[in-house]
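Listed features, source Swiss-Prot:
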BINDING   205, 208, 211  [3Fe-4S] cluster binding site
């Protein structure tokens, strides 16, 4: 059977879609790739030339490393995989960002000046530190490509999960209303003819089966499709939601091609 994708919601940072005719292992592979295997840019080193703020150098470096950066996966390579410099650092695998600020005022992520105009903080209003009168902050930050499996700062997918597509059947209901009262999602309504669930609300079901447990006549049954999954994901801004899913799929494709190449040599 051919894999099917039905997009339910899509914005720059989040998406919700139904992935059908795939195994649980494949669905989990997509989720894991979005979280751990799609490389992103994040600040790795910070050279502090002047810091008279209330924060220690190490605290500033940590805050800077956790600021998501818009990533161009076509231009930059993870440093360990860079053929240009052999992992020493070069324009093909790293980006320089500078910052110079003097108080009074709050320093924000938008104050970082990138050597590559395409690489900017995904959120311009992330506060870094508040400077009082006379305090200064001058630094250079070096951003590298990396993987979420190595550090959370390189994790592009911040909220990626899936569940099996629910299947709910209602037969011979006596309209007692117990199932509707027990449903934590509030998706069951009761009419004179019996309990009812709107088609668009079925995906909200968490498959807790509380409605089954309170039904004395076993009129309602909750199950799920084993090969259909409802995905919900959010990006940290390194990529758009669409690009993150596509890059995750390409990661899985690349691994499969590598395995086939190895098997062909046997």
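Using the three backbone atoms N, Cα and C, a Cβ is placed for every residue, glycine included.
On the structure: features taken from Swiss-Prot.
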| residue | record | Cβ contacts under 8 Å, 6 or more apart |
| --- | --- | --- |
| 205 | [3Fe-4S] cluster binding site | 166, 168, 185, 187, 197, 222 |
| 208 | [3Fe-4S] cluster binding site | 184 |
| 211 | [3Fe-4S] cluster binding site | 179, 180, 182, 183, 188, 220, 222 |
Three-state secondary structure, which DSSP defines for residue 211 ([3Fe-4S] cluster binding site): helix
For the [3Fe-4S] cluster site built from 205, 208, 211, further residues of that chain with CB within 8 A of the site's CB center: 166, 168, 183, 184, 185, 206, 207, 209, 210, 212, 222
